[in-house]
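The next block holds one structure in the form of structure tokens; read it before the comments.
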């Protein structure tokens, strides 16, 4: 049985001693973004970012013992979520560069590896976009809109993933009596993979439930391959699951568009149509059936801009049809996508509002083969080994910049940002 978490009800709990905010206050790096309209052009927003709560130190109140261990919550400190909230405090982060994150104006650099005390560490940061108030996540509503950003993937070798995507998290990060920190400290993460994490909406997950929500992968990529993929789920908001039901709540594989996997093997890469040795712009459009911001999502369209030239998405053949975008006919044969609501369900989430996540990571278990090896990309079966990446590419990183969204046709080509 799928269980929907009643997030708002948590605010009605008695005012027990909550997981407290520690003495080190959070300092959010500023990251300028832009909102674009047909009438006013692209206008600057004074937004910022926050690292996922998993990067924050959560420890025993009055001591230095972590509230989590390598296997999850410390049962002595966290036998239940109420006791855990009384026993634990979360500390802020004041220097994001120590976690591989640097911002400057409207650009953000994410590093996989950093040097600390002559040792290499892999913080593998994941950050979320905060609204201008710095307390809540920025909720993007993108039906009949477009989302655009510039990216430099030249330092992302095989096996790396510089990802930018949306998930249907709560705007407050699940702020409640037991989680006063909320979005300002990066709580509330969820996605369509339904992982079991130590915390759910900033509260101790002593029941070891899985947590699911709708996910729209705008960009999963390195210098050799890329994909964009909607992942619908069969309900709205945050979903709790247990056991086998965690495999049926969301479309974990999704309906993806990877040019290489679909036969366009000279389209994306070094000196190809989209040249990954140089920065470029990625545009994703969410077209609705009635061309309104409340209509049913019918198509997810992709294009690129590089060196002043607009580049249409790769044109490929699928089941005898010529396609270059994600539509219901394209997704009809892709697993459980339609059964879980397909583009309609994904569009409903985009209409309600989703949170922007950006990350860099590699894959010790599968070497990121699903993205860039075999039928999915040109990388060998061993190039994605994280130990090889660390030795050969210690400066691996991705830069996202000039993030903007708004009316169709307003975010790219000759539009000025101001």
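Any Cβ shown, glycine's included, is placed from N, Cα and C.
Listed in Swiss-Prot for this protein:
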- 1-18: signal peptide (SIGNAL)
- 46: N-linked glycosylation site (CARBOHYD)
- 118: N-linked glycosylation site (CARBOHYD)
- 136: N-linked glycosylation site (CARBOHYD)
- 215: active site, nucleophile (ACT_SITE)
- 220: active site, proton donor (ACT_SITE)
- 234: N-linked glycosylation site (CARBOHYD)
- 291: N-linked glycosylation site (CARBOHYD)
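According to DSSP, residue 220 (active site, proton donor) sits within a strand segment.
For the pair residue 118 (N-linked glycosylation site) and residue 220 (active site, proton donor), the Cα-Cα distance reads 31 Å. Following the DSSP three-state reduction, the secondary structure of residue 46 (N-linked glycosylation site) is coil. Residue 136 (N-linked glycosylation site): 18 other CB atoms within 10 A of its CB, across all protein chains. For the glycosylation sites listed here (118, 234, 291), the lowest count of other CB atoms within 10 A around the CB belongs to 118. Each residue contributes its Cα atom, and for the residue listed as 'active site, proton donor' and residue 136 (N-linked glycosylation site) those atoms are 25 Å apart. Per-site Cβ counts within 10 Å over the active-site residues 215, 220 peak at 215. Cα-Cα distance from residue 291 (N-linked glycosylation site) to residue 215 (active site, nucleophile): 23 Å (rounded to the nearest whole number). Cα distances from residue 46 (N-linked glycosylation site) to the recorded positions 136, 215, 234 are smallest for 136. In the three-state DSSP assignment, the secondary structure recorded for the residue listed as 'active site, nucleophile' is strand. Counting every protein chain shown, the Cβ of residue 46 (N-linked glycosylation site) has 12 other Cβ atoms within 10 Å. Between the CA atoms of the residue listed as 'active site, nucleophile' and residue 234 (N-linked glycosylation site) there is a gap of 12 Å.
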